[in-house]
There are 2 protein chains.
Amino acid sequence: MRNLKLILEYDGTNYHGFQSQATVGLPTIQGELERVLQRWTGEAITVIGASRTDAGVHARGQVVNFHTSWPIPVDKVPLALNSGGLPPDIVIKQAEEVEPAFHAQFWAKNKTYRYTIYNSRIPSAFWHRYSWYVPVLLDSQAMAEAARLLLGTHDFAAFRAAGATSKTTIRTINQVAVAQDGPLLTITINGNGFLYNMVRIIAGTLVEIGKGKLDPEVITQIIASRDRNQAGPTAPPQGLCLLES
Amino acid sequence: MRNLKLILEYDGTNYHGFQSQATVGLPTIQGELERVLQRWTGEAITVIGASRTDAGVHARGQVVNFHTSWPIPVDKVPLALNSGGLPPDIVIKQAEEVEPAFHAQFWAKNKTYRYTIYNSRIPSAFWHRYSWYVPVLLDSQAMAEAARLLLGTHDFAAFRAAGATSKTTIRTINQVAVAQDGPLLTITINGNGFLYNMVRIIAGTLVEIGKGKLDPEVITQIIASRDRNQAGPTAPPQGLCLLES
């Protein structure tokens, strides 16, 4: 059996997230990929993803792997899958053969997410699928100042969706940048792992700060509180994109 | 009665073109706009567009006008319509009150269209709605050279969809530019009017030249032939965007 690693790009608008659901009939990225792989290989393949992105969330660099006996040369895999069954909103960008033990989820070290806000009095017909539309002018300087307080290793329990379960809520944020380009405001964040909804809660909190409802320094108190209610609202999914995993 | 002029942006993917169809039930840009205006004004309003863009074609600067007794201050019109009934893929960017005689279609002088090609061995999950995916590497220099031969006043009968009717097939192209930015190749073209499918047939012909199937100089012969069969295929609609009208 070979172990193949793929890098995927997808527009998540029409999918109920990466991971296949117990509920039958809802399209997922994993489901589409497994369906096409089964058609090519005749095998019942299970695809493992580095990140279980939510419904409506996009990816430019989702890493997946799967085991197969498919004898295709690895450089032919993207073309075979892209033009041989995948819908146009899911694209295989790269493929490589990796060691048998490689596991996209467990081996994922650092991940980079980008959250995009469309900040203008007038919305955009082209960005509404890929951003959170915020009509109130945001103070991006204050947001950048606040974002810097997230850097380092902290207990991020306050930035985790209520009801989520994971062994530890301690994570390390290596890099975070708030950038503005016309009406587009992006929060790019790299870390060694993210709690459920963590990036969207960070984005929602930074927007409260950008509106002047909260001071930038409040980030430190929110982290210390370990209380989800101290942080801002969860930003909507369509602004989120997994850049690298 | 006031005469209001709007500038519209839309993602045409989910619409059967700008103009309302005799066939009932197909969503159009005009239909959506008239439906929302009727709700706000109580009047049966007819919206006139500068360009009758086809199904799947986008716009960043479609000009429309309509007559109404609606007493709203004109600067409130975009917000009222954008957040008061229009779907998120249709956005009013600007509104102004104009002289009673203004007619978006008849008064349109110059229009600018952009045709976008995604030229890469690997497609894009994010550009597939907004570009023509061409996997064969194109020679953009040859395309630019050919495009220059379109400049000026010519009889463009060879670049008109078969079966289309218009009094004259003479048009003036003021500006044309072929630009490349990574995998994105754009053809931007400004003229005093365009025949039915003219920009898409120009794009289809330039792609044949970019592939090396035709020489750049052939443009002059194609124009002289006045024969649709001499030009290239009609490029697909999703690559086309009306920038200004």
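Glycine is no exception: its Cβ is also placed from the backbone N, Cα and C atoms.
Because TrEMBL annotations are produced automatically, they should be read as predictions rather than curated entries.
As written in TrEMBL, here are the features:
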type	residues	note
ACT_SITE	A:Asp54	active site, nucleophile
BINDING	A:Tyr113	substrate binding site
DOMAIN	A:9-106	domain 'Pseudouridine synthase I TruA alpha/beta'
DOMAIN	A:146-244	domain 'Pseudouridine synthase I TruA alpha/beta'
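For the pair the residue listed as 'active site, nucleophile' and A:Tyr113 (substrate binding site), the C-alpha distance works out to 13 angstrom. In the three-state DSSP reading, the residue listed as 'active site, nucleophile' counts as coil.
Counted with DSSP, the domain 'Pseudouridine synthase I TruA alpha/beta' (A:146-244) comes out as 33 helix, 29 strand, 37 coil. Across the domain 'Pseudouridine synthase I TruA alpha/beta' (A:9-106), the prediction's mean pLDDT works out to 95.
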